[in-house]
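Enquirer: Sharing the features that TrEMBL gives for it:
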- B:96-297: domain 'ABC transmembrane type-1' (DOMAIN)
- B:9-29: transmembrane segment (TRANSMEM)
- B:102-123: transmembrane segment (TRANSMEM)
- B:135-162: transmembrane segment (TRANSMEM)
- B:174-193: transmembrane segment (TRANSMEM)
- B:228-254: transmembrane segment (TRANSMEM)
- B:274-300: transmembrane segment (TRANSMEM)
Amino acid sequence: MFKNKKLLVLLSMVLVFALFAVGCSQPADDTATPGTDDTNEPADEVTVKEELIVGQGADAVTLDPHSTNDQPSSRVSKQIYETLVAQNENMEIEPSLAESWESIDDTTVEFKLKQGVKFHNGEELKASDVKFTILRALDSSHIGHIVGQIDGEKIEVIDDYTIRLSTKEPFAPLLAHLAHTAMAIMNEKAVTEGGEDYGQNPVGTGPFKFNNWVIGDSIELVKFDEYHGEPAKLKKVTFRNIAENTTRTIELETGGIDIAYDIPPTDVSRVEENSDLVLQRAPSFSTSYIGFNAQKKPYDDVRVRQAINYAIDMASIIEAVYQGVGAPAKGPLGPNVFAGHQGLEEYGFNVEKAKELMADAGYADGFDTTIWTNENQQRMDIAEIVQNQLKAININTEVKVMEWGAYLEGTAAGEHDMFILGWVTVTGDPDYGLYALFHSSQFGTGGNRTFWSNDRVDELLDAARVETDPSKREEYYLEAQEIIRDEAPWVFTWIGENLAGVQKNVKGFTQHPAGHHSLHGVYFE
Amino acid sequence: MHRYIFRRLLLLIPVMMGVTFIIFTMMYFTPGDPARIMLGETAPEADVIRLREELGLDDPFLIQFGRYVKNAVIHQDIGRSYTSNRPVVGEITTRFPATLKLAALGVLVSVAIGIPTGIISATKQYSIFDNVAMVLALIGVSMPNFWQGLMTMLVFSVYLGWFPSSGFSTPMHWVLPAVTIGTASCAIVTRMTRSSMLEVIRQDYIRTARAKGQVESKIINQHALKNALIPVITVVGLQFGYLLGGAILTETIFAIPGVGRLMVEAVLRRDLPIVMGGVLFIAVTFSIVNLCVDILYAFVDPRIKSQYK
């Protein structure tokens, strides 16, 4: 009997511990319930659904747009905040918080703000908020570079609804930069009161206001009733963090979420074949490339770089690695970027020509080299295929997979031979997509990890940056892209595509090429 | 006994100090500049330098370490996340319940299935039940966690529609992750119980009990099981600690906002304060679980209790 009692004590301890473990998580549970709860209970209401659940691959880092520049945060911030001007899905600049603007001179633009715009805390938008926001942005180490051309000392508030911004020198892509999600206009009072925790209690002017955040799990936004524009059709939007790609697709299939961002290429057919779902495909601003270290032998010889471009069968890479998603790149910019040169001749797969060029360069017998990549499955796959294909021109390649931090450091220091990386031209302006990558002033950490430079390209990029006439700018950029294509500091690899899986009853959703999609006009049928 | 517990708790201090130093050193000497990783490859160098200054990353190792320890000990402040700027303590405590719940449910699954299966297997050695159980246990141990998670999700959420596929809010959400994380431990517990039981039921005192005419079920449940449990408790305790720190795959697959995922993301982003806080937290929890296991021994085996002074 006595022994039995001890066993009983032991078992009850285990039980109590289990109960404690389960019980102490209850509070977090309560907050986790909204949004996820109704996902398994099919709504039996007859009325149209008004709550949208979006699944994306990571939680937002912070909702203070000046403290981060990552995609998951931008996607949420985009619904809460607005910018002075906006870029629509076709990358046309549209009025947003500024209803009109005009150039005063080469470096100064005057913006007239829309009147009667309310922040989520009830404050009215004033020019002083705009000035405060831009000064704060300039001071941010995370996004300062996006507005770095603006001269903080020359911001002039004319009256409550008029403000003048000046750049240090003429800067053509200013409006595109002001449309960046990082340039969301914030309320001075809310930011000051929020202090260090502002990122957890964001206040904007957008169609949705922040409601609740279960860290690591979900963010809930609700409709802002006093929105100055057309009110949102949805009452609530929940962003769920579902990191695993396959899980996100499954959650979409089982009806747990209404929109799944970033459907992986492997799941494309699953979504396409499901009659309840729609796969939305739209070209994105992202591009992948294989860069050479143009200051290292043998890549300092343009013939070697060209030979490798000819020796790689890009179509098979797109098919094998990206399963047909996206397209082979002809040059450094995609078709939806302003002045993206689509008339460039693709290198194409031509081993004979590659061999000729290698022989010309004195490398008929090839050489040993390495190709670097970080732990990104697609890049590792590309590296392996390239390793295989380069054997045809006697290049013996070693694939080196590196951890992201070490990879960035190594490529910035120029320790590499070849490397695989990507770029997103978020502003849709060629300045963003070319300057950092090909200008000689940007060697290393600036973005130009190929250490390739060309005087004419430098000249063109500098000129286009200050040129305000769009047709002239286009001319400069087209010429620069031709030189880059011929000089081949990259193997032009892949132009990306945004893939979103959407429930059939979700209407009004369109994807923005930069990846931060607006949910303002979304509704249920 | 109380003195023993107190002494063990005191030992936590050097453990924490050691862990702090080791992790700080490892993170410091890992290649990759935290500021550059946070800002991404598109940020200009000037911004990276500015952020390095803001975070005090340019200071020598000993100064950085000293500052961390000073803040932790004197101000009880282990900092804010480099990326989200949220206090580390809050970041971990909001996520820990999910991990604790997941680990506890996993252990519950492994104990509830593993111990009875182990006992039956041992008492009916080489029977069909025993053979089937051992094969299943082998499969359970060898099956990769992430694969099993995806398969259960595919079968039970997509095809059968019984359980939701991800999230962790309601008991229905708990089932698949608990089974996924508990399977491997369950297999280990089964095998451990079986082998330990097999050893015990061949002991003389069991034969004596049988000779005295004791009912078989009592012999197994009262005489044999208790003595067979000691190694099993050790394994369960270790498994619980392991699940606390190693729930990352299950958390990722089922989109559970737990500490494991937080830690991996923090390591990738070089978010030192979160990594330090997380490792400390897990180390302390692991030590406490181990202490609980040691205390449990005393209940099961009085001989051990007499040694706890």
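The backbone N, Cα and C atoms fix where each Cβ goes, and this holds for glycine too.
So that I understand the layout, could you describe where these features sit and how close they are to other parts?
Expert: Sequence-distant contacts of the transmembrane segment (B:9-29) (same chain, at least 6 residues past either end, Cβ-Cβ under 8 Å): 61, 64-65, 68-69, 72, 270, 272, 275-276, 279-280, 283-284, 287, 291.
Remote same-chain residues near the transmembrane segment (B:102-123) are listed as 129-130, 133-134, 137, 168, 174, 177-179, 181-183, 185-198, 201, 220, 225, 228, 232, 236, 239-240, 243-244, 247, 250-251, 256, 258 (criterion: CB distance under 8 Å, separation of at least six residues from the stretch ends).
Within the chain, the transmembrane segment (B:174-193) has long-range Cβ neighbours (under 8 A, six or more residues past its boundaries) at 101-103, 105-111, 113-115, 117-119, 121-122, 133-134, 136-141, 143, 145, 148-149, 152-153, 156-157, 163, 165, 168, 228, 231-232, 235-236, 239, 242-243, 247, 250, 253-254, 256.
Cβ atoms under 8 Å from those of the transmembrane segment (B:228-254) belong to residues 98-100, 102-104, 106-107, 110-111, 115, 118, 122, 145-146, 149-150, 153, 165-168, 173, 176-177, 180-181, 185, 188-189, 192-193, 196-197, 199-200, 260-261, 263-264, 282, 285-286, 289-290, 292-293, 296-297, 300-301 of the same chain, restricted to positions at least 6 beyond its ends.
Taking Cβ pairs closer than 8 Å, the transmembrane segment (B:274-300) reaches residues 1, 5, 8-9, 11-12, 15-16, 19-20, 23-24, 27, 68, 78-79, 81-82, 88-89, 91-92, 96, 226, 229-230, 233-234, 236-237, 240-241, 244-245, 259, 262-263, 266-267, 308 in its own chain, all 6 or more past its ends.
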Enquirer: Six or more residues beyond either end and a Cβ under 8 Å away: which residues meet both conditions relative to the transmembrane segment (B:135-162)?
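Expert: Residues 117, 175-177, 179-181, 183-184, 186-188, 190-191, 249-250, 252-254 contact the transmembrane segment (B:135-162) from elsewhere in the chain.
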